[in-house]
Structure formats: C-alpha cells, structure tokens
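Student: As annotated in Swiss-Prot:
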BINDING   Glu112, Asp222  divalent metal cation 1 binding site
BINDING   Glu112, His149, His174  divalent metal cation 2 binding site
MOD_RES   Lys27  N6-succinyllysine
MOD_RES   Lys46  N6-succinyllysine
Amino acid sequence: MSRFKFVDIGINLTDPMFRGIYRGVQKHQDDLQDVIERAVQIGVKKFMITGGNLQDSKDALHLAQTNDMFFSTVGCHPTRCDEFEKNDPDHYLMELLNLAESNKGKVVAIGECGLDFDRLQFCSKDTQLKYFEKQFELSEQTKLPMFLHCRNSHAEFLDIMRRNRDRCVGGVVHSFDGTKEAAAALMDLGLYIGFNGCSLKTEANLEVLKSIPSEKLMIETDAPWCGVKNTHAGSKYIKTSFPTKKKWENGHCLKDRNEPCHIIQILEIMSAVRDEDPLELANTLYNNTIKIFFPDM
C-alpha cells in the first residue's frame, strides 16, 4: 500500500471519458473501476466529484452514493450559468439547494462556482457575476464550504468574495493559475489554494506555488483534464510514471486522459519546487482538506 494519503478535491468522474466515450462515441470499454483502483493503489482515500450544473450535480451525487470513498459537490460552473436564465432562476437555485441539503454527508461542498472570463463565449460576464453571487445563498443555507473557480477574473472574483465572505464557511480556489498577489489576497480571505497540472505550466506558476504556506494548499487532478504535459515547467520534477498507451489497453493509462492516480505526480512537482519532504507535504495537504471538507471525520 502507498505511504501517501490523498484527497483528490477536484475529479470529474462523471465525464464520459471514464466510461470509454469520447465526443459521444464509445471508443473502448468502461474502465472506471480500473481508474479508481489505480488511484487507490497510490493512496487516494477520498474523491470529491465535481458538479458543474444541476444535472451534473445529480449525476455526481448518484455516483458518490455507489462508493464510500466518493463525495460530491453541488453548484453551477461559471460557463454554464446561462442555465439559470434558461429555466426559472429561483427554481433552479432551489433545486440545487434541495439537492445539497438533503444529501449532507455525501455532498461536501457548494460548487463548482466562480468566474471564468477566458470562456465568455459560453456565458456572458454579467450572467456569471450575477449567478456566482447568487450561489452564496447555497453556502449560507447549507453551511458547506465552497469549491471555487477563478480564471482571468481576479478583481471581480475578489470583489464578490469580499462582499459575501461572511456567508460561507470557507473554501478552496481550485486549479489556481494566478499571481502571488492574487494568491495572497485569497488567503487573506481565509481561502485555500488548489493546485493541479494546469497550475504548474510555467516557471511563473512554480514561483507562485513557492510563495504559498503549505497549510493553505490543497491538491487535485481535475481529471480527465489538466494533466501535466511534457511542455509544462513542472514536468521535469515528476518521478512516478504509469504504463501508458496511445490506444486503450487493459491495465494501462491512456495518453491524453488524465487520471486521479496522477495526483502523485502533482505531489512530486509541488514537493520538489517547494523543497519539502513529499510525505510531510502530502500529510499537510490531506489534513488541510479534511479540516475544511470533512470536519466531522
């Protein structure tokens, strides 16, 4: 058994890729169980399955109910906030609230919510701002921490966060790729910073990682997305590799599909960049996560 313990705070296990389906076409057999097994082998103890909208949150919860290690989030991603307006916004919010309220114990966070100004083609700035703020009602009512998203929107994100900070018990800004100053401002609000492959692309990203105290960090894969590519600045620190094929083969990882087992690679990059003992850092990351998302453990 692995000497490491991990909570993958951001894992998209409802993604059809883990069922062998790519762009609606079945390319290989459903291998979700193998994916989970590989992750458990390297020490993943809990998987926080991300909910990206109402339906996705229902699917994430449904999956979470199949395994004691699975948990989920309830919320609406900034790029999908149009859904509030396509429906009755209050009713949509109420459905999210009911889903979270009636499944405490499995639902451990409100999210994924926040702002994403890199992808305004999916949802306008005004709509994102409005429904990010609206979702604080969910955290306020449920007393659950938030799983937050901030892309190219730091000033507006901070503004909304500051205004509503007393309405949420805390949370993490996941997949962080901002500046040292941005990280410091978020930490000033008592928020944690989540790192995955997308957070480790450039030397500047690595410098930001060094600047954050370990007791404010969390770790994630965001799989099947955000894998560490060879072109990423962090990739040179990876020690652990997995048997990987370009075409699916039983018992192997698939080249362009990130998996939760790759969380060990994120740890290796983080500990090398920060010059910290990997086991010590892993324990700190694990304890940070338990404190915020699993306080009754």
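In case you wondered, yes, glycine gets a Cβ from its N, Cα and C as well.
What you see is a predicted model, and the numbers here were worked out from it, not measured in a lab.
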Student: Cα of Lys27 (N6-succinyllysine) to Cα of His149 (divalent metal cation 2 binding site): how many Å, rounded?
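Tutor: Their Cα atoms are separated by 31 Å.
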Student: For Lys46 (N6-succinyllysine), identify the closest of the binding-site residues Glu112, His149, His174, Asp222, judging by Cα separation.
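Tutor: Closest recorded candidate to Lys46 (N6-succinyllysine) by Cα: Asp222.
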Student: Using Cα coordinates, what distance in whole Å links Glu112 (divalent metal cation 1 binding site) and His174 (divalent metal cation 2 binding site)?
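Tutor: About 9 Å separates the two Cα atoms.
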Student: Do you know which of the binding-site residues His149, His174 has the most other C-beta atoms within 10 angstroms of its C-beta?
Tutor: His174
Student: So which one is it: of the binding-site residues Glu112, Asp222, which has the fewest other Cβ atoms within 10 Å?
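Tutor: With the binding-site residues Glu112, Asp222, fewest surrounding Cβ atoms within 10 Å: Asp222.
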Student: Reported as an integer number of Å, what is the Cα distance between His149 (divalent metal cation 2 binding site) and Asp222 (divalent metal cation 1 binding site)?
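Tutor: So the alpha carbons of His149 (divalent metal cation 2 binding site) and Asp222 (divalent metal cation 1 binding site) sit roughly 12 Å from each other.
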Student: Between Asp222 (divalent metal cation 1 binding site) and His174 (divalent metal cation 2 binding site), how many Å separate their Cα atoms?
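Tutor: One finds 9 Å between the Cα atoms of these residues.
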Student: Given the modified residues Lys27, Lys46, which one is most crowded in terms of C-beta atoms within 10 angstroms?
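Tutor: Answer returned by the neighbour count: Lys46.
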